[in-house]
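Would you mind keeping the following structure in view while I ask a few things?
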Amino acid sequence: MALGPNCGILLFLAVSGCGHPQVSNSGSRIVGGHAAPAGTWPWQASLRLHKVHVCGGSLLSPEWVLTAAHCFSGSVNSSDYQVHLGELTVTLSPHFSTVKRIIMYTGSPGPPGSSGDIALVQLSSPVALSSQVQPVCLPEASADFYPGMQCWVTGWGYTGEGEPLKPPYNLQEAKVSVVDVKTCSQAYNSPNGSLIQPDMLCARGPGDACQDDSGGPLVCQVAGTWQQAGVVSWGEGCGRPDRPGVYARVTAYVNWIHHHIPEAGGSGMQGLPWAPLLAALFWPSLFLLLVSGVLMAKYWLSSPSHAASEL
C-alpha cells in the first residue's frame, strides 16, 4: 500500500518482561561463591537501613521488590530504608530509591526460622528499566523446583562463617542444588519435630547463602527464563554440608504477591504489561525510536543534508 507524504508507519516491539538478563549466564563458573559479572543478575537489590546494607532483594516490577520479612527486625519504618538497584558493588552510591511501603506476610518480622518469612517493598517511584535493572519472573503456584535442580543464589553477604565480604564488595554468586524435603527435614530435626515448614525450600552447594544475604533471590532457569524459587531466609552456619540453606518457597506466596502486585511478572505473558515497549515511528524523512513512551533517538532519513542526531 502506498503512503502519502504525511503518512507514517508505527511499529511496536514488545520486549520480554522478566527473567531475561542481557548478559547471559555462561554456566561455566566455579561453584562456591564468586564475583558475578555486571548485568548477570539485573533484578538483584540491596536493601539498606540508614544507608547500611542489611539484606538482599529482587525486583518484581518497576515499583516492587521482594525480600524477607525478618530483614525489618531493625525497623518497620519505611522512611528508614533505601533500595539500590543496578549496582555491582555495595558502595555509598547517591543513586537509590526511597521506600513508600513495607508489606510483611505475617504483619511483623518473625523470629529466625519462622514461617511466612517474606515481604514486599513498594518503592516511592518506579525505577527505569535498563540492561542493569530488570525484573525476575515469578513461577506459577504449581511450579515444581525438583530435588537436584541447579539454581543460583546471589548477594553481598559473608563469604564464610565470620568472614565479611572484602573490598571491592562485588556481588557474589553461587550455584546450589535443590534438596528434597525429607533430607532437609532430617537435617533440621528437633525434639519438637522438624523445623522445616511446607512454605520452605532447601538448597545446598558447596556454595551457600550467609549473613547479610537474607532476602536475596534463589533463581532457577526454566525453559530459558529465570524464575525465583526462593527468598534467602535462614540456616545453621554457612556452607555446612549437612545443613542446607533454607529459603521461603516463592510458590507458596505467588497468589499473595499477585494480590498486592497484579503486574508482577509471571513465567508467561503476564510479565508483559509493564515491560519496556519499543516503538519505531517512520515518516518519509524521519525515524523516531521510543522506549516506554520516551524519545530515545531521532534520525533524519531522506535528505543527506540532515545530519543524524541523537537525544
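Using N, Cα and C of the backbone, Cβ positions are placed for all residues, glycine too.
Residues or ranges marked as active site, charge relay system by Swiss-Prot: HIS70, ASP117, SER214. Marked as disulfide bond by Swiss-Prot: CYS55-CYS71, CYS151-CYS220, CYS184-CYS202, CYS210-CYS238. If you look up Swiss-Prot, you'll see ASN77, ASN192 marked as N-linked glycosylation site, on the strength of sequence analysis. According to Swiss-Prot, the feature signal peptide maps to 1-16. Look at Swiss-Prot and you will find 277-297 tagged as transmembrane segment.
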Nearest to ASN77 (N-linked glycosylation site) by Cα, among CYS71, CYS184, CYS210, CYS238 (disulfide-bonded residues)?
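Nearest in space to ASN77 (N-linked glycosylation site), counting only the disulfide-bonded residues, is CYS71.
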Report the same-chain neighbours of ASP117 (active site, charge relay system): residues 6+ apart in sequence with Cβ closer than 8 Å to its Cβ, ordered by sequence.
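Correct list: ALA68, ALA69, HIS70, TYR105, GLY110, VAL231, SER233, TRP234, ALA248.
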Cβ neighbours within 10 Å, counted over all protein chains: which one of the recorded positions ASN77, ASN192, SER214 has the most?
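Neighbour-count leader: SER214.
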What residue among the disulfide-bonded residues CYS210, CYS238 has the most other CB atoms lying within 10 A of its CB?
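In terms of Cβ crowding, the pick is CYS210.
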How many other Cβ atoms are found within 10 Å of the Cβ atom of CYS220 (disulfide bond), counting all protein chains shown?
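The answer is 21.
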Do you know offhand how many angstrom separate CYS210 (disulfide bond) and CYS220 (disulfide bond) by C-alpha?
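With distance taken Cα to Cα, CYS220 (disulfide bond) is 19 Å from CYS210 (disulfide bond).
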Would you mind sorting out which of CYS151, CYS184, ASN192, SER214, CYS220, CYS238 (the recorded positions) have a C-alpha within 10 A of the one on CYS71 (disulfide bond)?
SER214
Do any residues at least six apart in sequence from CYS55 (disulfide bond), in the same chain, have a Cβ closer than 8 Å to its Cβ, and if so which, in order?
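Spatial neighbours, sequence-distant, of CYS55 (disulfide bond): SER46, LEU47, THR67, ALA68, CYS71, ASP212, ASP213, SER214, GLY215, GLY216.
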Where does CYS202 (disulfide bond) sit by DSSP, helix, strand or coil?
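Once the DSSP labels are grouped into three classes, CYS202 (disulfide bond) ends up as strand.
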Give me the CA-CA distance between CYS151 (disulfide bond) and CYS238 (disulfide bond), in Å, as a whole number.
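Their Cα atoms are separated by 17 Å.
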Among the disulfide-bonded residues CYS71, CYS151, whose Cβ has the fewest other Cβ atoms within 10 Å?
CYS151
About how far apart, in whole Å, are the alpha carbons (Cα) of CYS184 (disulfide bond) and CYS238 (disulfide bond)?
15
Tell me the Cα distance separating CYS220 (disulfide bond) from CYS202 (disulfide bond), rounded to the nearest angstrom.
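Between the alpha carbons of CYS202 (disulfide bond) and CYS220 (disulfide bond) there are 13 Å.
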